[in-house]
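To start, the structure under review is shown below, and the notes come after it.
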Ligand SMILES: Nc1nc2c(c(=O)[nH]1)N[C@@H](CN(C=O)c1ccc(C(=O)N[C@@H](CCC(=O)O)C(=O)O)cc1)CN2
């Protein structure tokens, strides 16, 4: 039976360290500030945004909330971003995704100053990651890497299979694993014989957004399984992208859903915001 990788516990430990770092910054007259922008009424986004605001309060980050209606135009959102780019109280800007259809997500992400891009989605920060000199790294993949490190899992020479090729998780986590000297395979909807690819992995990172798509009996005995999926099934139940029970019987270590990668995402957002504030006093 696999060891459970407790994302909640790791996140809580790191948040303690972040709280201490912020207290030290405040003695130098710097209070890290994060602008959180939500456009529209998406139920999951509302939950994530309120979790982010609460996390900011807990660690001592000034959180500047902007809740805009679902019919906000792209020009209005770009105007707000311009103002936040120039606001000296703000070290990080976060626009919650997904955005409503009338707004071009790429244009919005590119409008955020790369120096305040604590989500790590701006092409400048993506490019820094590609060349192995990251500044701000996307929070979910960054959280995955911190979890692996905290659990003592070394990727050097390992076969890592990433299932999913999104800009937010799949592609960046693959680059981060490569930087840790893993041999990385990215699988996606057109991949042939996914079961065999997953079965070859020492470490599986599942980020497809399809409930329990990765079957437990595909997992190589002793492999590590990181499940990035947070899928709502029915009214209340959350499941990952991996069939947890059968996978846990074969894996050496596995993340649960909820309580695995999810809590790390917001923790790394706090970390990036503190890093951005620290950079202002260099
Ligand atoms: N601007 C961004 N938008 C989105 C991001 C992002 O990193 N930046 N990621 C996701 C959503 N997300 C953060 O925004 C996020 C997802 C899940 C969790 C989390 O803690 N999940 C819990 C379960 C919470 C629940 O009950 O729903 C868990 O897995 O234990 C935090 C943040 C898309 N948009």
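Including glycine, each Cβ sits where the backbone N, Cα and C put it.
Computed from a predicted structure; not experimentally measured.
Of all the Cβ atoms in the protein chains shown, 17 others lie within 10 Å of the Cβ of residue 166 (NADP(+) binding site). TrEMBL lists 164, 165, 166, 230 with the feature NADP(+) binding site.
TrEMBL lists 5-119 with the feature domain 'Tetrahydrofolate dehydrogenase/cyclohydrolase catalytic'.
The domain 'Tetrahydrofolate dehydrogenase/cyclohydrolase NAD(P)-binding' annotation in TrEMBL covers 138-279.
Per DSSP, the secondary structure of the domain 'Tetrahydrofolate dehydrogenase/cyclohydrolase catalytic' (5-119) breaks down as 58 helix, 18 strand, 39 coil. Shown are the binding-site residues 164, 165, 230; the one with the most C-beta atoms within 10 angstroms of its own C-beta is 164. For the domain 'Tetrahydrofolate dehydrogenase/cyclohydrolase NAD(P)-binding' (138-279), the DSSP counts in helix, strand and coil order read 57 helix, 28 strand, 57 coil. Within the set of binding-site residues 164, 165, 166, 230, 230 have a CB atom less than 6 Å from some atom of ligand 1.
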